[in-house]
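Student: Here it is, the structure, as structure tokens.
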Amino acid sequence: CQSSYLHSLTHYSTASETTLIWGIPLKYLSLIILVVQNSALILVMRYTRASVPEDQLYLASTAVVMSEVMKALACIALLFFAPPPGKRTFKRLTRNLNRELIVQWRETLKLSIPAGLYLIQNNLQYLAVSNLDAATFQVTYQLKIITTAFFSVIILRRSLNKLKWIAITLLTIGIALVVLPRNATLSTFGSFLSQTTLSDDRSDDMDDAVDSVGNQSNLKGYVAVLLACFLSGLAGVYFEKILKSPVVKPQPKYTRFESVGDKELGEDSNSRKSSVELDEEDPVSGMEDDGVPQSAQVWVRNIQMSLFSLLFGLVFVVGIQDGRKVATDGFFAHYNILTWVVISIQAIGGLIVALVVKYADNILKGFATSISIILSMLVSVWLFNFVISGPFVLGAALVIFATRLYG
């Protein structure tokens, strides 16, 4: 029974990867949508943060928490509509959530690891920004692309040939050039190789490129950003492993008489069937026990992840970082329609990332994110008078070439 189930699961996973929507494989459609979503998020978020005075800004920490709430609610709704129309009931949904989140608590607990890793990574970014100039941080942080590929090979046993490694390296260099501040030059790109800070006698034109506030220990900054890259790759690949791991179907719970024959029990077959607690409803329909389709497991995983992200975010980010501001001004201080647009786009992005990781992989997600950064900056030329620099053109060319080379 177990082997037949695993066979059907393997067959379903293969079919899912070749599913066509509007004539486009789901793998590539999810990547295209991720590019559009990321580009929109960068532009709208920049507008909402740059168009108002600093004392009127909404708290980014509360916005992140609300995006997790919205993502969890969206996943619950998707989980409700996952079964066939005749089996969609709130009782069934409640039973599914209880089983997936509480009864199978060990599976839920697995998602605490990537949630915790992401939390530590975010704090390391703050530490790195406080000890490195902006250009050096943004360039060095792109090493997360390489760490993601490294953990994909180590944890997922993914095979990458030399050509793909060259493409990943070129992508890292290209996106590092793209995200350099506007007034930075190519010489700034190599500044992270040295352990000296920029001197104070630089011209004022470099003020936008270099943030000298808090640059007290370059060594501490480099250690922080490298650890952040390490944790970013580990968390992303670990989440991918959980999403792509086959869900072990619970075996039917038999009574203590299960190994005794009908004759020994003195019962007919119907009586014996009643003494067996069967949770399986339809083994042919491709459903999980109690009616959760295999394709809906991605939403279950997102709900589990959101629970821990909410817990960590409320306690360690909102509570510790912005607790006083929340107590004074309120949780939703300075929220407006555009704020909720940003939160919605972030929530949608979380769902899209899950699909990309499920049907593609974290490496391709890195390529899609890099392309979205380039698109958002090109649109910024029109919206925010962004000036295209030499490093940007070179970096964009490298990203496009690397994407083509990776295939």
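Counting starts with 1 at the first residue shown.
Backbone N, Cα and C define each Cβ position, glycine as well.
All TrEMBL annotations are machine predictions without curation.
Dumping what TrEMBL says about this protein:
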TRANSMEM  20-45  transmembrane segment
TRANSMEM  57-82  transmembrane segment
TRANSMEM  139-156  transmembrane segment
TRANSMEM  163-180  transmembrane segment
TRANSMEM  221-239  transmembrane segment
COMPBIAS  259-276  compositional bias 'Basic and acidic residues'
REGION    259-290  region 'Disordered'
COMPBIAS  277-290  compositional bias 'Acidic residues'
TRANSMEM  303-320  transmembrane segment
TRANSMEM  332-356  transmembrane segment
TRANSMEM  388-406  transmembrane segment
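Mind running through what each feature is packed against?
Tutor: Within its own chain, the transmembrane segment (57-82) has Cβ neighbours under 8 Å at 48-49, 88, 90, 93, 96-97, 292-293, 295-296, 299-300, 302-303, 306-307, 309-310, 313-314, 317-318, 321-322, 325-326, 331-336, 339, 342-344, 346-348, 350-351, counting only residues six or more beyond its boundaries.
Below 8 angstroms of C-beta separation, residues 125, 128, 132, 165, 168-169, 171-173, 175-176, 179-180, 188-189, 192, 222, 225-226, 228-230, 232-234, 236-238, 240-241, 244, 361-363, 366, 370 of the same chain, each at least six residues beyond the ends of the transmembrane segment (139-156), sit close to that stretch.
Long-range neighbours of the transmembrane segment (163-180) within the same chain, counting only residues 6 or more positions beyond its ends whose Cβ lies under 8 Å from a Cβ of the stretch, are 135, 138-139, 142-143, 145-146, 149, 186, 188-189, 209, 363, 366-367, 370, 373-374, 377, 389, 391-392, 394-399, 401-403, 405-407.
Beyond its flanks by at least six residues, the transmembrane segment (303-320) meets 59, 61-62, 64-65, 68-69, 71-72, 75-76, 79, 97, 100-101, 107-108, 110-112, 114-116, 118-119, 122, 239, 326, 331, 350 of its own chain at Cβ-Cβ distances under 8 Å.
Sequence-distant neighbours of the transmembrane segment (332-356) (same chain, 6+ residues past either end, Cβ-Cβ under 8 Å): 26, 30-31, 33-34, 37-38, 40-41, 44-45, 47-48, 52, 56-59, 62-64, 66-68, 70-71, 74-75, 243, 298-299, 301-302, 306, 325-326, 364-365, 368.
Away from its own ends, the transmembrane segment (388-406) comes close to residues 163-164, 166-168, 170-171, 173-180, 182, 184-186, 189, 363, 367, 370-371, 374, 377, 381 of its chain (Cβ-Cβ under 8 Å, at least six residues beyond either end).
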